[in-house]
Amino acid sequence: MNIHEYQAKQLFRSYGIPAPEGRPAASAQEADRAARGLGGAGWVVKAQVHAGGRGKAGGVKLVKTLEDVAAASRDLLGGRLVTHQTGNAGLPVRNLLIERTYPIKRELYLSLIVDRGSERMTFIASAAGGMDIEAVAHESPEQILSVAIHPAAGLQANQCRRCAYALGLKGEQIKALTGIMQGMYRLFLEKDASQIEINPLIETEAGELLALDAKINFDDNAVAAHPDILALRDHEQEDAKENKAQQYGLNYITLDGTIGCMVNGAGLAMATMDLVKLKGGSPANFLDVGGGTNVEKVCEAFKLILSDGNVKAVLVNIFGGIVQCDIIASGILAAIKQVHVAVPVVVRLEGTNAEQGRALLNSTGLNLYAADDLTHAAEQVVALAEAAA
Ligand code: ADP
Ligand code: MG
């Protein structure tokens, strides 16, 4: 789960991580009031969306007058912001964060992630902050330092010093960075975060360190244990289809291809998507209907898949291990009739009573193809999607 920058900065402050004083605003008047309240001679108006890359996309506006605070706010509010992280539809801008502008000497990068390779929480530090860290990692990996934390020992002072040296910090700044890293480490553990990113962490002209941006992701499987974090959830920033899927216990991720996929089991779903790709098609989604599949779930899954206008054909790939294939086939037929599926559907059934299942599917006169194996099913669905496009 993601939260907004202004919420992340509030959490930062409560963990001793210095962040600029700022105020959220949902209208141009509120933005004006916020800027007046903050005082100073320059402000930044920041669109609050669950995505980075806002600066380059025009979602972070530096202004010098109160008139421009209001103008920038009117410009951003009510619209959608498209950044390289949002996809073409962008995300709605309902809230802004108004801050004073700070004199920036240097922009640094600091994040805390779980490194799956070493299975440890790992700090990533780079003096090349402010920009796309993926690009830095690609073009000049020597500018990035990773420091893995031993789970029993915890964060050590010498690890903080190593990061400080890599960031080119001196004297009091080393102490300040240690405080920031300890705060991030505690926040990560206490709130079950999965990622905390400060990009940029700035060094001001006066030599102070300040988190100018703040991004926190939380572990979806742990968030129920943290009502204070759950209360920060903004459904409007999330994919409506993914939210709907969650309600029905379906594991659904929107993608941008043309072939809808319905599969039981996450591993099988991944393999199915790989095969669709291999045969020249592109999946419109990842969808794991789970183990205890029933007609209701299959219906909801079809509805989800078909609510995506890009879908030209559907591939159903079910392995009947515990559930029998003929029962699944009747479920699929009932669902197709109920949901009025207009695009061709290729079904691959394997497992217990697979033949009976296929026979049922073949005797319907619907736009339905029962494939005899997965490779054929993938080839068939790719050809059907291409023919329909
Ligand atoms: P994003 O990562 O989504 O582009 P940031 O919060 O990192 O958004 O802002 C983009 C850039 O805008 C920063 O790298 C910084 O240069 C500038 N900026 C953001 N907030 C301030 C501020 N309070 N004062 C001065 N510059 C700012
Ligand atoms: Mg940023």
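Each residue, glycine too, has its Cβ placed from N, Cα and C.
Substrate is bound by GLY321, ILE322, VAL323 in TrEMBL, and the record lists one more residue there from ASN264, ASN362, ASN367, which is ASN264. Among the binding-site residues listed (TYR102, ASP213, ILE322), TYR102, ASP213 have a CB atom closer than 6 Å to some atom of ligand 1, in sequence order.
Ligand 2 lies under 6 Å from the Cβ of ASN199, ASP213, out of the binding-site residues LYS46, ASN199, ASP213.
With the fewest other C-beta atoms within 10 Å around its C-beta, GLY321 stands out among the binding-site residues GLY53, GLY321. ASP213 (Mg(2+) binding site) is surrounded by 24 other CB atoms, counting those within 10 A of its CB over all protein chains shown. Annotation for the binding-site residues GLU99, GLU107: lowest Cβ count within 10 Å of the residue's own Cβ, GLU107.
A C-beta separation below 8 Å, combined with a sequence spacing of at least six in one chain, links LYS46 (ATP binding site) to GLU5, ARG54, GLY59, VAL60, LYS61, LEU96, LEU97, ILE98, GLU99. For ASN199 (Mg(2+) binding site), the same-chain residues that are 6 or more apart in sequence and have a Cβ closer than 8 Å to its Cβ are GLY52, TYR109, LEU110, SER111, GLY129, GLY130, ILE133, ASP213, LYS215.
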